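Have a look at the structure below, then the notes.
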Amino acid sequence: MAEAHQAVAFQFTVTPDGIDLRLSHEALKQICLSGLHSWKKKFIRFKNGIITGVFPASPSSWLIVVVGVISSMHTKVDPSLGMIAKINRTLDTTGRMSSQTKNIVSGVLFGTGLWVAIIMTMRYSLKVLLSYHGWMFAEHGKMSRSTRIWMAMVKVFSGRKPMLYSFQTSLPRLPVPAVKDTVSRYLESVRPLMKEGDFQRMTALAQDFAVNLGPKLQWYLKLKSWWATNYVSDWWEEYIYLRGRGPIMVNSNYYAMEMLYITPTHIQAARAGNTIHAILLYRRTVDREELKPIRLLGSTIPLCSAQWERLFNTSRIPGEETDTIQHVKDSRHIVVYHRGRYFKVWLYHDGRLLRPRELEQQMQQILDDTSEPQPGEAKLAALTAADRVPWAKCRQTYFARGKNKQSLDAVEKAAFFVTLDESEQGYREEDPEASIDSYAKSLLHGRCFDRWFDKSITFVVFKNSKIGINAEHSWADAPIVGHLWEYVMATDVFQLGYSEDGHCKGDKNPNIPKPTRLQWDIPGECQEVIETSLSSASFLANDVDLHSFPFDTFGKGLIKKCRTSPDAFIQLALQLAHYKDMGKFCLTYEASMTRLFREGRTETVRSCTTESCNFVLAMMDPTTTAEQRFKLFKIACEKHQHLYRLAMTGAGIDRHLFCLYVVSKYLAVDSPFLKEVLSEPWRLSTSQTPQQQVELFDFEKYPDYVSCGGGFGPVADDGYGVSYIIVGENFIHFHISSKFSSPETDSHRFGKHLRQAMMDIITLFGLTANSKK
């Protein structure tokens with residue numbers, strides 16, 4: 001094969017006349033360029049480390065401070081209050097240094113120390129300022145004078161042109177709430193869900209815990225919070241994600257869909273070429289830390305950026321007791337799956353990223369390849385879809401050496417995984433409901449063997465060139481993947497574009513190395529494990545009842561006329577829909593973020609409250625007047641927003657109780673209260689997909705360029721998982737999941753109730769979809 005010869009830098013043969021040495025200049029050139037690329041990345045990391053290390057100051061400010069100190073010395077002004085003189089005396093006891101040299105060195109040393117002190121003062125001041133969260137609880141649209149002054153001070157101490165990780169050391173630590181406060185909020189959250197006798201029993205357990213065991217566990221948790229960067233995140237990652245022994249497909253991984261109504265080209269290889277290039281451009285901005293940190297409140301309050309570190313070059317590695325996350329600093333290839341074969345594709349040539357047309361060329365070569373899968377190769381990824389222990393044992397037994405290890409390393413150390421899917425998915429006008437549902441299900445689990453579920457992201461390109469992502473959950477949360485996905489869709493359509501015939505712009509390049517097949521030697525025993533895993537995963541996938549639908553009757557624009565939070569509006573609609581569907585209330589999970597704190601991830605908002613229940617019951621009671629319903633709606637919305645703010649500012653319920661439970665396990669003490677709290681099922685699990693880069697899309701000019709967002713599998717066997725994205729002013733997309741095996745749930749039925757609930761609530765305000773009010 002030609003590519004095999006290109007990979008050899010030199011060859012030699014022994015002849016009677018001596019050694020005949022033949023050099024491959026092209027191979028040597030690529031080796032040289034690869035080395036230069038590696039050193040360039042190291043230099044960029046070193047430079048960024050310095051810039052981030054001195055933030056909120058800048059490296060150039062060191063020169064300003066030092067020059068200022070030395071200049072003041074020449075004017076006989078001592079800014080050091082005698083410290084420079086002390087440094088001067090201790091510099092040279094031998095008398096070999098001239099007086100002028102000692103003065104300059106002393107000035108530089110003092111100036112450097114002063115510069116470091118200024119940096120630390122600014123950083124600490126910024127951390128103190130960012131610890132204030134009173135602005136979040138202010139009335140919407142109103143800002144007090146003190147808050148304006150506080151914002152101005154934050155901007156002063158925030159420096160200029162921050163890089164992706166510039167604010168990390170200035171972010172406050174997640175505070176540990178008081179045990180009594182958490183217990184009190186917990187009891188308030190379950191009050192509407194329990195009968196009187198059950199609530200009294202739980203109250204007794206909670207009060208006993210708050211007085212006796214709770215303070216002891218809290219002491220250890222406080223101790224951890226003093227030395228750990230975040231007292232929750234490492235345990236959350238380990239015990240909620242990595243120690244789970246069940247399948248991560250459906251149960252943990254989630255998916256993202258692309259634009260609903262627009263497909264910019266129908267050439268599969270071309271769409272893959274453009275979007276892979278866009279992903280690589282995004283990866284480059286992350287590697288160079290050029291991505292702007294996300295900031296709230298008019299680009300003032302920074303959020304933690306730590307989760308971007310493992311977006312690429314990352315894979316979850318199975319273990320018998322616990323999994324681990326493997327992240328490599330750099331990866332120069334991707335692995336592509338097509339028709340049962342695995343291909344390794346290099347991403348660089350001549351020291352640069354492959355261009356979109358070159359990537360299209362690579363993808364087309366894979367699509368045109370007629371070779372057959374090796375024994376056991378086609379369904380190999382089913383191991384990543386089923387239980388973790390069989391996969392861990394199989395990996396250790398059959399993939400720890402030889403060609404299997406080399407090929408598995410190529411997959412696990414790839415920048416990301418790509419599937420060129422053989423099916424066609426996406427919105428079809430003749431059958432909109434079934435087509436969108438099929439699209440979502442394909443991204444969630446595919447055929448159970450054509451996604452590498454352990455990779456941080458699996459990028460899927462369907463035969464008709466629709467695209468999507470399946471993401472592993474342990475390394476980061478959905479907003480990180482969402483941010484990438486917004487960039488990819490906008491760059492693909494508005495920046496890169498396509499030629500008139502649907503191909504990527506640019507020319508082919510005959511000199512780039514062709515994709516290479518990964519080689520496997522999978523014995524019969526391993527193939528049996530693969531088939532068993534596939535059977536288990538298929539059973540799980542076939543049980544998923546997934547309904548994804550657009551709601552375009554009204555959107556955020558009309559909801560804002562109600563003077564309420566769009567998220568609170570939708571959450572109350574979900575409560576009303578659930579009651580219509582089930583005839584009862586249930587413990588409800590809404591994901592909130594805690595990225596106002598360093599290494600923060602998520603917190604739970606318990607959306608089913610006494611106030612929301614009162615509103616729902618009023619809506620179901622035909623004797624209740626519209627005025628009464630309206631009043632109860634407002635009260636319920638205010639309560640929900642208050643709970644959301646508490647969760648964002650570190651005063652949530654569930655992460656604190658989870659960590660107390662972990663401490664109790666380490667101490668080998670039993671807590672009936674914690675055990676019961678953590679065993680309560682979330683029969684309605686919800687999450688909003690935030691739109692973070694609104695400047696990338698002009699929905700007034702391009703109304704059809706709306707994203708569908710993404711979704712996840714049901715959390716409880718007899719419950720619903722609901723995800724939604726609010727796009728522009730007039731569009732909301734919902735994803736509802738449940739299990740066919742549950743006689744109580746039906747995702748399509750819940751969807752109908754949700755549509756009706758949205759209409760019922762908007763009617764309270766006398767508004768319709770076409771209202772000019």
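Don't overthink the numbers, they just go from 1 along the chain as shown.
Cβ from N, Cα, C; glycine included.
Under the heading active site, proton acceptor, Swiss-Prot lists His473, citing similarity to another entry as support. Around the Cβ of His473 (active site, proton acceptor), a 10 Å sphere holds 19 further Cβ atoms from the protein chains shown.
Taken from Swiss-Prot, the feature CoA binding site applies to Gly555, Lys556, Gly557, Leu558, Ile559, Lys560, Lys561, Cys562, Arg563, Thr564, Ser565, Pro566, Asp567. When secondary structure is read from DSSP and collapsed to three states, Asp567 (CoA binding site) falls in the helix class. All protein chains considered, the CB of Asp567 (CoA binding site) has 23 other CB atoms within 10 Å.
The (R)-carnitine binding site annotation in Swiss-Prot covers Tyr589, Thr602. Around the Cβ of Tyr589 ((R)-carnitine binding site), a 10 Å sphere holds 23 further Cβ atoms from the protein chains shown. DSSP gives Tyr589 ((R)-carnitine binding site) a strand state.
Residues or ranges marked as N-acetylalanine by Swiss-Prot: Ala2.
Cβ environment of Thr588 (phosphothreonine): Leu574, Gln575, His578, Arg606, Ser607, Cys608, Trp682, Arg683, Leu684, Ser685, Thr686 lie under 8 Å away, each six or more residues apart in the same chain. Annotated phosphothreonine per Swiss-Prot: Thr588 (among others), in sequence order.
According to Swiss-Prot, the phosphothreonine annotation covers Thr604 (among others), on the basis of similarity to another entry. In this structure, Thr604 (phosphothreonine) is part of a beta strand by DSSP.
In the shown protein chains, 13 other C-beta atoms lie within 10 A of the C-beta of Ser741 (phosphoserine). According to its DSSP assignment, Ser741 (phosphoserine) is coil. Under the heading phosphoserine, Swiss-Prot lists Ser741 (among others).
Swiss-Prot lists Ser747 (among others) with the feature phosphoserine. According to its DSSP assignment, Ser747 (phosphoserine) is helical. Its Cβ taken as reference, Ser747 (phosphoserine) is surrounded by 23 other Cβ atoms within 10 Å in the chains shown.
Per Swiss-Prot, the feature topological domain 'Cytoplasmic' maps to 2-47 (among others).
Annotation comment: Swiss-Prot describes 74-102 as topological domain 'Mitochondrial intermembrane'. Sequence-remote contacts of a segment are chain residues at least 6 beyond its ends whose Cβ falls under 8 Å from one of its Cβ atoms, and for the topological domain 'Mitochondrial intermembrane' (74-102) they are 68, 109-110, 114.
Under the heading topological domain 'Cytoplasmic', Swiss-Prot lists 123-773 (among others). Taking the topological domain 'Cytoplasmic' (123-773) as a whole, pLDDT averages 95 in the prediction.
Per Swiss-Prot, the feature transmembrane segment maps to 48-73 (among others). Below 8 angstroms of C-beta separation, residues 79-80, 84, 103-104, 107-108, 110-112, 114-115, 118-119, 122-123, 126, 157-160, 162-163, 165-170, 288-289 of the same chain, each at least six residues beyond the ends of the transmembrane segment (48-73), sit close to that stretch.
The annotation transmembrane segment is assigned in Swiss-Prot to 103-122 (among others).
The residues of the topological domain 'Mitochondrial intermembrane' (74-102), classed with DSSP into helix (H, G, I), strand (E, B) and coil, number 14 helix, 0 strand, 15 coil. Comparing C-alpha positions, His473 (active site, proton acceptor) sits nearest to Thr602 among the recorded positions Gly557, Arg563, Asp567, Thr602, Ser747. Put plainly, the recorded positions Ser565, Thr604 were compared by Cβ crowding within 10 Å, and the winner is Thr604. Under the DSSP three-state reduction, Ile559 (CoA binding site) is assigned to helix. His473 (active site, proton acceptor) falls outside any helix or strand according to DSSP and counts as coil. Counting only same-chain residues at least 6 apart in sequence, those with a Cβ under 8 Å from the Cβ of Thr602 ((R)-carnitine binding site) are Trp236, Asp477, Ala591, Ser592, Met593, Thr594, Arg655.
The maximum pairwise C-alpha distance among Gly555, Lys556, Gly557, Leu558, Ile559, Lys560, Lys561, Cys562, Arg563, Thr564, Ser565, Pro566, Asp567, the residues recorded as binding CoA, is 14 Å. Here the Cα atom of Ile559 (CoA binding site) is found 22 Å from that of Tyr589 ((R)-carnitine binding site). Of the candidate binding-site residues, Gly555, Gly557, Arg563, Ser565, Tyr589, the one lying closest to Ser747 (phosphoserine) when CA atoms are compared is Tyr589. Gly555 (CoA binding site) sits 33 Å from Ser741 (phosphoserine), taking the C-alpha atoms as the reference points.
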